[in-house]
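Down below is the structure, laid out as structure tokens.
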Amino acid sequence: MNVEQSARLAFLNHFGRDADFVVKAPGRVNLIGEHTDYNDGFVLPCAIEYATYIAVSPRTDDVVNVLALDCDNQTDNFLVNKPLNSHSTQTWSNYVRGVVDELQKRNHQLSGCDICITGNVPQGAGLSSSAALEVGIAYAFNHLCELFIERKEIAKIAQAAENNFVGCNCGIMDQLISACGTQGKALGIDCRSLDLVEVSIDPAMTILMINSNVKRGLLDSEYNLRREQCYSGAKAFSKSSLREVSIEEYESQKHMLNKDVAKRVEHIVYENLRTLEAMQAFTHNDITKLSTLMAQSHGSMRDLFEITTPQIDTLVDIISQVIQNNGGVRMTGGGFGGCVVAFVPNILVKDVIAAVESQYERLTGLKESIYTSLPSAGVSLIRT
Ligand code: GAF
């Protein structure tokens, strides 16, 4: 049985009737451009084949009943047109409630429904299971209530839910790629204008995601602190965001910054440039360049933004020894745990996996999980 069928079957067992439709919302892997999104900068993610599946049927009243299959079958219910409080014990509920709260704030006419949520995006792995859930819920209500909200707006609603209701000040990248992903392509995103550029991925290369299994949610990490440090850096330059600070401005004025803030700003201004260069390198299949850019990005996250962990650094070392300059590897996502992404020639995939399997657990005491994915499409509807 595939994940969609599991969602439908669980829906039927729990609610005693068939689901009307299923929404599939993908997770994502970011190839380069880390923590640049909330600085109005550039990112280069692709949606992945791992996704959250949300089975839905309308109700004739205002009640929303939710079943979360992967959270020990916990349930939640609330009224769709009444002000919502956050759930005190079930974190997952707040991603659902948060989206409904944002739809309410925008005066959308909502109606009740029964919902069953499941999926195969690894949780706490930095592959955006939360954004997939938020985007999936927004898309489900969009369809159910015929709201005609366009995809970028879905992403903004989903991000607002996470910022305002869940309390993580994430940027727009994860929600935008889950909403707008394109089959077979990565998307270069200008997070200031939200312009999207499709970037082809060479079919002779594989995207590997290796989970360190160091688990840390964004909320309990230093994510919000990094964001504050970036804002104070922009303020020190009298700019609205670090996107507006050039490398020359940074280099000539860095002495005026507090030591930690200077490191954060340096990461962002150079990471933006690396991301633009990587878009070109992917387009021209310049693997040597990509190798350098991804290595620099990782080093910058480790030494300047200080968001990697020893286990993640070990994974990157193991993999870079195998691929050398025939591919690239770096941590992906918010950091403090989660996955590394490796861009590997198909012929080296076996060697990379063998090296990780034989060394990572011995060196760190943790067992990795390995995934691959083709770039996939954004949120979609699956009817019976
Ligand atoms: C997390 C956030 F949700 C994104 O907005 C982004 O900042 C990312 O970390 C780091 O690039 O996934």
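Glycine is no exception: its Cβ is also placed from the backbone N, Cα and C atoms.
Unlike curated records, TrEMBL annotations are generated automatically.
Binding of substrate is annotated in TrEMBL for Glu34, His35, Thr36, Asp37; the matching candidate from Tyr95, Tyr139, Tyr223 at the same site is Tyr223. You'll find the Cα of Glu162 (Mg(2+) binding site) roughly 11 Å from the Cα of Asp174 (active site, proton acceptor). Listed recorded positions: Glu34, Asp37, Ser130, Asp174. Those with a CB atom under 6 Å from ligand 1: Glu34, Asp37, Asp174.
Around Tyr223 (substrate binding site), a 10 Å sphere centred on its CB holds 20 further CB atoms from the protein chains shown. For the binding-site residues given as Glu34, Asp37, the lowest number of other CB atoms within 10 Å of the residue's CB is seen at Asp37. In the domain 'GHMP kinase C-terminal' (278-361), helix, strand and coil residues by DSSP number 56 helix, 11 strand, 17 coil. Sequence-ordered, the extra residues of this chain that approach the substrate site, with Cβ no more than 8 Å from the Cβ center of Glu34, His35, Thr36, Asp37, Tyr223, are Gly33, Tyr38, Asn39, Val43, Gly171, Met173, Arg226, Ile268, Gly334. Across the recorded positions listed here (Glu162, Asp174), the residue whose Cβ sits among the most other Cβ atoms within 10 Å is Asp174.
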